[in-house]
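J.: Okay, these came from TrEMBL:
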- HIS175: active site, proton donor (ACT_SITE)
- HIS175, VAL176, TYR177, ASP247: beta-D-galactose binding site (BINDING)
- GLU310: active site, proton acceptor (ACT_SITE)
Amino acid sequence: MNITTKNFGAGYTIITITNLNGLQLTVSDFGARITSLKVPTTNGLRELVLGFDTAQEYLEKDLYIGASIGRVAGRIQNGTFQIDEKIYKVQIDETTGNTLHGGTPGFESKKWQYQVIDNHDEVSVIFHTVSPDGENGFPGNLDVEIRYTINNKNIWRIETRATSDKDTLFNPTNHVYFNLTGDVTQPVNEHTLWVNSDRFAPLDQESIPIGEKLPVEGTAFDFRRPVKLKETFNSTFAQKELVDGIDHPFFLNRPELLHSSVKLISPDEVVKIEIATKEPSVVIFTANFGENTPFMHGKKLAHHGGITFETQVSPGAEKYSDFGDTVLRADSTYQTMTEFHII
């Protein structure tokens, strides 16, 4: 395997790992993010994810793209949650009155320490940071390690470990957007999606789950058979109309590494991504940005120009216990893993 490091600007670094098949993964200490994932095709290397060329562009355009998200991915209504008998009020967005992705600064804007581990048949970049007690209102000194690994089987693995010295809320994810055409001007309409999920979480007008688990059957969110995303985008399904696409948690039927929960296929069927995770749900977001999209690599990103698979406990779990548990107890260890198999 080949490993290179490069200046990313603004004091940050990118690390590129190339495996024996020519698959290239590029990550950065800026937000412990993925900036590029390229796979060789008969027409040369194809970019599979959204990203920018410099750290400064992320600062100016969109900090969340490709980034590690935390402490809590998604929205916390009114920035309020309860652990045992204690109520916490955390930082909110003044516009919405809710907390998004753990507030600012979140994981996406931190400079992470890193080290590279070369085990010959796989290479890992281990990112580390500490979120101090009280940051954005969250309790506990939170020690976080995120490990990105790529191997010669074309598997990109994300492993997250964390401990806190106080009971706290913790529900991280990764915010990588896929566009398997390699062209950011092309929407993901012609991509084929399969998701092993019988139920999803409907949202309110503020994009916050209302606490229900609705069947996907008979809706435009039924991906239990492979579906072209344009079928969903063209539907009049009320939840699709609410956000002009998908921005919803899907509860996975088999959240385990031995079985894929998600499959995404490029329009030309040259590239396929299979995702397996230990997390109980995945938030699928189809870059519902309308005309307000940034330029990437000199081209304007299309509306619906990418799709995320944010493996995590469903947002809203701090209110709805059947969504899962996002409380990290003091001196216990949080651990999770998600694998992306590039075929």
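Backbone N, Cα and C atoms are what each Cβ position is placed from, and that goes for glycine too.
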J.: State, in Å as a whole number, the widest CA to CA span among the beta-D-galactose-binding residues HIS175, VAL176, TYR177, ASP247 given in the record.
T.: 14
J.: At a 10 Å cut-off from the C-beta of VAL176 (beta-D-galactose binding site), count the other C-beta atoms across all protein chains.
T.: 25
J.: Would you list, in sequence order, the residues of this chain other than HIS175, VAL176, TYR177, ASP247 that have their CB within 8 A of the centroid of the site's CB atoms, where the site is the one recorded for beta-D-galactose?
T.: TYR64, ILE65, GLY66, PHE285, ALA287, GLY306, ILE307, THR308, PHE309, GLU310
J.: Could you say whether, by DSSP, TYR177 (beta-D-galactose binding site) belongs to a helix, a strand or a coil region?
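T.: The residue in question, TYR177 (beta-D-galactose binding site), is strand (DSSP, three-state).
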J.: Quick one: give me the count of other CB atoms within 10 A of the CB of TYR177 (beta-D-galactose binding site).
T.: 24
J.: Other than its own, how many Cβ atoms are within 10 Å of the Cβ belonging to the residue listed as 'active site, proton acceptor'?
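T.: Result for the residue listed as 'active site, proton acceptor': 21 other Cβ atoms within 10 Å.
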